[in-house]
């Protein structure tokens, strides 16, 4: 065989636009061999031969070879070096964060100095309506099923897709309806978590120290419940796990734990000697005619042992009908409420582990990304367990 044999350098003509973009009649990113649109939608990006485009070798033209070799097609979203840097940072964070006083404020890093525009997800990564309308009509479902096996889709969706591939047609309708759900919710998860961090009406408490102004206990408990519900919705979503959702969920959970920590610093347990003093400040003063005067919320101020500035927490009175709880019963009630919410957070951490740390659900077995997810889970679990122990210590009865 001569050196000029065309088989030695087999070159074919491929179109500049991938098959999915050409079929949907949208502009292709031309980031060959993987276009950004196909990466965002989780589709197999392929280029059919065409006589009206430039030449590319077969190795660059077929992304399936990269997938077989284990190369993840997610370099457009986050490179391996950036993920490794974040993973290394969180590993050092776990070794240094022995107490809440040394806890790096991940919330401040994400939200400080950012305008509302910067908190909005990048438009380049949004799933547009024109892309959504063409999902159900995309062909080559068998190749999509190969990628579907990598991610944790519900069994109902997987069985419906299998019915389409086998030609049964039983799951065709349900597959067409449900296929848009993960793609729609992928960006909604990030937007909801960012919104939960950026809401101005939420308590501005930080795990670095004390709040700048007094906070209302009712506002803290209400905000923690709503924020925890937002994270629960994100964890139950069937979208593909990604770094952004994991980091945002970690920031939200750390903020909730910081709220509970401030409440614990301002609440005295049933064994504290200062409980009677706080009860004197918080109990309503009866009027001369025997009726309770208008209840004004009181402010409990505790000075931390390390000499830092005092933190204030507004403790509204708690009543059961005409009966008002005294200081000891009120703070015991607060402790049980916090334990109940922390129990929900414990179940949420199990969902976080299944979504991000399970070997079968981690993105294509990327080691750097797996280390990042494990570091985030360890950080949240350590802070969660420390908070649970503090609450139980407050509720101990000698």
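Cβ atoms are placed via backbone N, Cα and C, with glycine included.
If you look up Swiss-Prot, you'll see 18-45 marked as DNA-binding region. Looking at the DNA-binding region (18-45) alone, the prediction's average pLDDT is 76.
If you look up Swiss-Prot, you'll see 56-67 (among others) marked as compositional bias 'Basic and acidic residues'.
The annotation compositional bias 'Basic and acidic residues' is assigned in Swiss-Prot to 289-298 (among others).
Summarising the annotation, Swiss-Prot assigns compositional bias 'Polar residues' to 299-311.
What Swiss-Prot records for 52-73 (among others) is region 'Disordered'.
The annotation region 'Disordered' is assigned in Swiss-Prot to 275-314 (among others).
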When the DNA-binding region (18-45) is classified with DSSP, how many of its residues are helical, how many are strand and how many are coil?
12 helix, 0 strand, 16 coil
